[in-house]
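The N(1)-(5-phospho-beta-D-ribosyl)glycinamide binding site annotation in TrEMBL covers Gly18, Ser19, Asn20. Residues or ranges marked as (6R)-10-formyltetrahydrofolate binding site in TrEMBL: Arg71, Leu96, Lys97, Leu98, Val99, Asn113. Positions annotated as active site, proton donor by TrEMBL: His115. Summarising the annotation, TrEMBL assigns site 'Raises pKa of active site His' to Asp151. According to TrEMBL, the domain 'MGS-like' annotation covers 207-359.
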Amino acid sequence: MTEPASAARIVVLVSGSGSNLQALLDASTDPAYGARVVAVGADREGIAGLDRAAAAGVPTFVERLKDHPTREEWDRALTARVAEHRPDLVVSAGFLKLVGPHFLAAFADRYLNTHNTLLPAFPGIHGPRDALAYGVKITGATLFFVDAGMDTGPIVAQVAVPVLDDDDEETLTERIKEAERRQLVEQVGRLVRQGWTITGRKVTTGVSTPDDGRRPIRRALVSVYDKSGLVELARALHDAGVEIVSTGSTASTIAGAGVPVTAVETVTGFPEILDGRVKTLHPKIHGGLLADLRKESHAAQLDEHGIAGIDLLVSNLYPFQATVASGASVDECVEQIDIGGPAMVRAAAKNHASVAVVTDPAAYAAVVTALGAGGFTLAQRRALAARAFADIAEYDIAVANWCAAQLDPEQADWPVFAGLGLRAQRALRYGENPHQQAALYTDPDAPVGLAQAEQLHGKEMSYNNYVDADAAWRAANDFTDQPAVAVIKHANPCGIAVGGDVADAHRKAHACDPVSAYGGVIAVNRPVTVELAKQVAEIFTEVLVAPEFEAGAVEVLQAKKNLRLLRAPAWAPPPAEWRQVGGGVLVQTADRVDAPGDDPAAWRLVAGEPADDDLLRDLAFAWRAVRSVKSNAILLAADGATVGVGMGQVNRVDSAHLAVNRAGADRARGAVAASDAFFPFADGLRVLIDAGVRAVVQPGGSIRDDEVIAAATEAGVTMYLTDTRHFFH
């Protein structure tokens, strides 16, 4: 139960004009309202919402996503900035950024948002549009507490708005906004005056509801490797009257800052031994962490054995992953396998009914907030425990993966154990289809990639957007020595090209199949220029991903409000590819187009005249581009650009027909062709010969290679064999 408070503290987050913020500011001028806005935060500078706050004398702050290397770091920073103001409620008033797990853990059951439909109908950013398209007669506004899903949190209140016969998206949205604003002001006041409880999905108000399980913090055990924010946390704990117990260098740092601290050996009566390997593995520590104080018998046993309970554990672990990444020796890596830390964290997380556990310095602000609120609620301790178990699992997976590969040489290539520790990045609107749920997770141990890209503009990325953008990004970055552009749709190329600059490459790639390119995804392996931006602005495009955007390019593209612009980290091919199958996972090394047969110098001429430099350059381009085409794949190219692509057919003859038909007679004549696998018969090759293709590169390896080579020889077509296959399923 969150009890009502006089002048409850509210932090409001905004991204735009702040009309809902203004309504809260106006309401809070009345002392009877029960709340005051103590801070306004934003994700961007120069917006009217910040001006409204300044005019009301309310402190403001800005935390921009682009100022942080990852979205996770931004989430941590935003969490800290909000927690500085010790809010009783956090209200999203048109805040356009999705918060992450750190923020949600810190402000569990205290972060309010509004949505412009009657949830659970029509979640996402196009609620009124979707409601109109569905033909509903009643829609409205929903006020809810935010959770990790897309508009799925517990509902506080709803207000109905009729859909009029002559409504369009704009008129309906405006009438919903008016109702939404009134509801927000009314319900925020009600919550802070009466208090609230969340049971499952049900939100109830009034002081007669059950207790929220808040436990005061009187004694804290602090043992950390990462000392970030440690001194400030220790001072806050001491100022709140909390006894601090600590270990080794952590205790030295706290004491060095002039904050009273009790050394752990004073509690255990036993010194640290074995170079610090044994410090906290003692009943007087683990008894205090594991005692379930809801049970009288546990409390009695603590008294019997002279063990003091622990209300808060703050711990983070030895930097095992960073040590491995540094190239340290086996012994040095083994020494960084933490034992006592994970044991304590696991114990505290298990006993979250009585103990709060914090494993991330970004959550220290939440500790400070909890100190002022009388402790963490049970819901908050549960969220912290879930995060702690996730951190321990991720750590254990990293250790297990390394040990399986390093300590058992016979299993080095394919270890007996392989684990993934994935972190939730954000919930997506839906999956491949609207009836499927979806989310984006990141792998902290993998090279950064599209999942870490910064979105500069446009609508929220969808599941299909990510799939296509990843395919495009990989295809464009298969070419490193020239500007390259890939246009992708349904994970297959509409066109790929290299050019003198990115605008030239884009014109050539788009010309391959302009019909299919409509609504496609574009990736560029060089910064987007203003010239390229102007070209893209003329074409309906879902996503444009690039390593950078030159000055003025983003401004050109911002006129396309639905176009998503991604600035992606430098391309780093994944070391392995994983694919789920029923009951298991297939793992393979990534196809990087780096096999011996991918070098044209290693190709074998088996038919026709040797290629001159220009012809060989087009063959090399086609061979590299065909890797991005779903099998069976036939790709026609000319002048560093695809002119026809045949993909995903169950026989190579159909793929050849498709490529030729896409190219058309004029472009096919004189083009070169690449096949991702051998021609099982000469029939597929004959389709290309009849179209006037003058050179072909393919792996070879068919039992009918002689028949295929003879057909090429008879037609005077140059043919090279690579002895390397590039299936792509």
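Note that Cβ sites are derived from N, Cα and C of the backbone, with glycine treated the same way.
Taking CA atoms as the reference points, Leu96 ((6R)-10-formyltetrahydrofolate binding site) and Gly18 (N(1)-(5-phospho-beta-D-ribosyl)glycinamide binding site) are 12 Å apart. Residues Gly18, Ser19, Asn20 make up the record's N(1)-(5-phospho-beta-D-ribosyl)glycinamide site, and a Cβ search at 8 Å around their centroid adds Val14, Gly16, Ser17, Leu21, Gln22, Ala23, Gly49, Arg52, Ala93, Gly94, Arg181 from the same chain. Neighbour density for Ser19 (N(1)-(5-phospho-beta-D-ribosyl)glycinamide binding site): within 10 A of its CB lie 17 other CB atoms from the protein chains shown. In this structure, the CA atom of Lys97 ((6R)-10-formyltetrahydrofolate binding site) is 13 Å away from the CA atom of Asp151 (site 'Raises pKa of active site His'). Within the same chain, the residues at least 6 positions away from Asn113 ((6R)-10-formyltetrahydrofolate binding site) whose Cβ sits under 8 Å from its Cβ are Val91, Ser92, Phe95, Leu143, Phe144, Phe145, Val146, Asp151, Gly153, listed in sequence order. In terms of local Cβ density within 10 Å, His115 ranks first among the recorded positions Arg71, Lys97, His115.
The domain 'MGS-like' (207-359) scores a mean pLDDT of 83 in the predicted structure.
Same-chain residues at least 6 positions away in sequence with a Cβ under 8 Å from that of Gly18 (N(1)-(5-phospho-beta-D-ribosyl)glycinamide binding site) are, in sequence order, Val40, Ile47, Ala48, Gly49, Leu50, Asp51, Arg52, Ala53, Ala93, Gly94. Taking Cβ-Cβ distances under 8 Å and a sequence separation of 6 or more, the neighbours of Asn20 (N(1)-(5-phospho-beta-D-ribosyl)glycinamide binding site) in its chain are Val91, Ala93, Gly94, Thr114, Glu180, Arg181, Leu184.
In this view, Leu98 ((6R)-10-formyltetrahydrofolate binding site) is surrounded by 16 other Cβ atoms within 10 Å of its Cβ, with every protein chain counted.
Sequence-distant neighbours of Val99 ((6R)-10-formyltetrahydrofolate binding site) (same chain, six or more apart, CB under 8 Å from its CB) are Asp75, Leu78, Tyr111, Val146, listed in sequence order.
In three-state terms derived from DSSP, Ser19 (N(1)-(5-phospho-beta-D-ribosyl)glycinamide binding site) belongs to a helical segment.
Taking the Cα of Ser19 (N(1)-(5-phospho-beta-D-ribosyl)glycinamide binding site) as the reference point, the closest of the recorded positions Arg71, Leu98, His115 is His115. Mapped onto three states, the DSSP output places Arg71 ((6R)-10-formyltetrahydrofolate binding site) in helix.
In this structure, the CA atom of Arg71 ((6R)-10-formyltetrahydrofolate binding site) is 23 Å away from the CA atom of the residue listed as 'active site, proton donor'. Taking every pair among Arg71, Leu96, Lys97, Leu98, Val99, Asn113, the residues listed as contacting (6R)-10-formyltetrahydrofolate, the largest Cα to Cα separation comes to 20 Å.
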